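Enquirer: Got a structure here, written out as structure tokens. Questions coming.
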Amino acid sequence: MLCFLRGMAFVPFLLVTWSSAAFIISYVVAVLSGHVNPFLPYISDTGTTPPESGIFGFMINFSAFLGAATMYTRYKIVQKQNQTCYFSTPVFNLVSLVLGLVGCFGMGIVANFQELAVPVVHDGGALLAFVCGVVYTLLQSIISYKSCPQWNSLSTCHIRMVISAVSCAAVIPMIVCASLISITKLEWNPREKDYVYHVVSAICEWTVAFGFIFYFLTFIQDFQSVTLRISTEINGDI
């Protein structure tokens, strides 16, 4: 049986595949339409101009929903594990969830407010998504170590921490270099003064984005043992 069909494993699997498709499809359409330079555009650049803006907005909105669903399920898993065998304060898990949901909210802002139309709002959403997302992965990595070896293998903990560390190392120069760019534009010339800042921040942005994707990929095994039950109760007369 396919691993992503067991339990709730389809949730992080769908998040990973859908988000990857969102980035790749938007990039391909934007490049083929001649709206961006094929060499290292910002992720948001590939979702600014129609028709790719519609594709980007729709797919990133759904990615934000899947991200929230994955994080909430992860929160409930850790909560249940902690009740069975105490390894961490519940507040730590709750803070991680709140930061993760704030990051998903930031993704929604990025999806619905294009960078050239409302750059301040768009950039604010991107900052929320990336910073809160990186902190979320760091906190979840710490939780993973605390629950090892009862609930996680040491290799899984190491993988999560490496991804978190790389994402953390990339998000700082991404923000710094992006803040040094004096103008927001889609096409860049290597001779322009801010071109180096653009390239560095774009590399870091793609690194962090796919760092998130690979991180959620590690959740699939944890979600295989989770079952979702929905109960319906009708109160009062109809």
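Cβ coordinates come from backbone N, Cα and C, glycine included.
Swiss-Prot lists 9-29, 53-73, 91-111, 116-136, 161-181, 200-220 with the feature transmembrane segment, giving sequence analysis as the kind of evidence.
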Enquirer: Which residues of the same chain, at least 6 past either end of the transmembrane segment (91-111), have a Cβ under 8 Å from a Cβ in it?
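Expert: Apart from its flanks, the transmembrane segment (91-111) reaches 44, 47, 56-58, 60-61, 63-65, 67-68, 71-72, 74-75, 78-79, 82, 121-122, 124-133, 135-136, 139-140, 142-143.
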Enquirer: Who are the chain neighbours of the transmembrane segment (161-181) in space, where the CB to CB distance is under 8 Å and they lie at least 6 residues beyond its ends?
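Expert: Non-local partners: 123, 127, 130-131, 133-134, 137-138, 140-141, 144-145, 194, 197-198, 200-201, 203-205, 207-208, 211-212, 214-215, 218.
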